[in-house]
């Protein structure tokens with residue numbers, strides 16, 4: 001030890017306290033998250049900043065974290081650049097516990113106040129930051145070694161140390177991960193991104209303690225290992241084995257995919273679950289290494305606890321190697337995860353508008369059914385309820401007929417009267433059909449050329465060849481003098497739709513919750 005201190009001077013241990021500071025900062029941040037979601041309340045009078053803070057906006061949260069991280073980063077008495085190069089490396093490792101905490105599914109510390117989807121944006125950007133500073137740490141040292149005037153310092157000499165070789169080995173998957181995390185590459189092959197992501201994480205967690213000097217095994221490796229065990233526990237003990245009861249496909253959803261309904265046995269989920277909850281499905285059993293290496297696939301549950309089966313609506317890519325569910329094959333159902341809809345909305349909302357696009361109907365339908373049942377049973381006064389579904393083509397509406405959980409509801413006019421459909425690519429000129437934005441139109445009357453292509457159900461309105469006009473179509477939704485804090489806009493679908501709904505909700509001063517269906 002004396003020899004080590006003599007060679008490096010007091011700077012060798014200069015970053016240890018900074019690492020403890022980052023760990024302490026992570027703990028404080030988690031406690032603040034707990035307090036924010038347990039004791040703070042969002043109202044229409046809340047500031048825009050506080051709303052973004054509460055909704056875990058990644059820009060707000062990461063800005064706060066980065067300010068706290070870098071305030072003590074520079075210290076005037078530390079004048080050797082290599083001290084800061086090392087500090088970047090220690091920073092990347094000491095942030096991993098916080099990042100792993102954000103990936104817990106479910107999060108035991110915030111079981112009812114947050115869902116794992118709430119943390120995805122923060123986790124995504126924090127992961128990129130960790131990877132970036134780890135890469136920067138490596139590049140700065142390589143640059144320092146290559147440009148040093150000291151004859152005892154060079155890349156060749158430094159790489160004779162196995163610990164430095166480990167650092168170079170970890171650099172390779174980190175560089176690849178940064179490239180694959182770019183949107184177009186990630187969407188092109190999410191599986192490749194996920195594999196590299198897992199490999200890079202495991203290498204960073206378990207090789208860094210060997211590479212780092214001074215060591216980081218205590219307490220960081222111990223904490224990281226405990227969190228990894230918690231993640232593994234969730235993926236082992238909160239699972240069920242199941243086969244498909246039925247699968248029906250609506251072809252030509254778009255050029256590359258088909259719209260599909262899946263029916264699972266009711267036993268796939270526990271006795272009670274939250275409307276619009278998620279499940280994740282893996283084609284492998286937990287003892288198969290591919291169960292851990294490859295991604296599971298998230299789906300929103302269309303059914304309610306009272307149904308006798310579990311329905312899913314999803315798109316399946318027609319590409320050769322795309323993941324698809326098959327009959328007569330066993331799957332692992334991983335947990336059931338709460339949706340992004342706050343408990344306050346489910347328990348106390350009085351005016352609710354649900355807007356969804358495409359397969360976002362899997363989010364909208366269970367929530368609409370949940371609130372409809374509350375109205376039917378007079379459990380609570382709900383003054384306004386509307387479900388709006390936007391589809392590209394009228395044939396997509398046939399998917400409703402294939403849902404076992406809707407077999408009675410679609411025949412109930414009280415249920416469908418507040419269900420409004422927008423068929424965005426329909427050409428009324430070619431069929432001679434006028435826009436039916438009024439109420440009480442029967443679909444088979446609106447499509448005399450092919451009644452069976454939509455079905456004989458009466459909706460509140462069927463709107464052809466256009467998208468929703470927020471202020472016009474929702475003119476009676478917002479009543480500023482009538483409990484605006486219990487007025488909710490819920491949205492699900494492509495990011496463009498969700499962003500439009502969010503802007504409308506923000507402008508109208510109503511509460512908002514959403515899920516975006518994208519990678």
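Glycine is no exception: its Cβ is also placed from the backbone N, Cα and C atoms.
According to Swiss-Prot, the transmembrane segment annotation covers 16-36 (among others), on the basis of sequence analysis.
According to Swiss-Prot, the transmembrane segment annotation covers 53-73 (among others), on the basis of sequence analysis. Note on the transmembrane segment (53-73): residues 18, 21-22, 25, 29, 36-37, 40, 42, 46, 84, 87, 91, 114, 118-119, 121-122, 124-126, 129 of its chain, located 6 or more positions outside it, place their CB under 8 angstroms from a CB of the stretch.
If you look up Swiss-Prot, you'll see 88-207 marked as domain 'Ferric oxidoreductase'. For the domain 'Ferric oxidoreductase' (88-207), residue counts in helix, strand and coil come to 93 helix, 0 strand, 27 coil, using DSSP.
Annotation comment: Swiss-Prot describes 91-111 (among others) as transmembrane segment, evidence class sequence analysis.
Marked as transmembrane segment by Swiss-Prot: 129-149 (among others).
Among the features that Swiss-Prot reports, transmembrane segment is placed at 165-185 (among others), with the record citing sequence analysis.
The transmembrane segment annotation in Swiss-Prot covers 192-212 (among others).
A Cβ distance under 8 Å defines the sequence-distant neighbours of the transmembrane segment (214-234), meaning residues of its chain 6+ beyond its ends; these are 12-13, 15-16, 19, 23, 90, 93-94, 96-97, 100-101, 103-106, 108, 205-206, 208, 334-335. Positions annotated as transmembrane segment by Swiss-Prot: 214-234 (among others).
Mean pLDDT for the domain 'FAD-binding FR-type' (237-366) in this predicted model: 91. What Swiss-Prot lists as domain 'FAD-binding FR-type' is 237-366.
Helix first, then strand, then coil: DSSP counts for the domain 'FAD-binding FR-type' (237-366) stand at 24 helix, 53 strand, 53 coil. With respect to Cβ pairs under 8 Å, the transmembrane segment (91-111) is most closely packed against 16-36, considering the stretches 16-36, 129-149, 165-185, 192-212.
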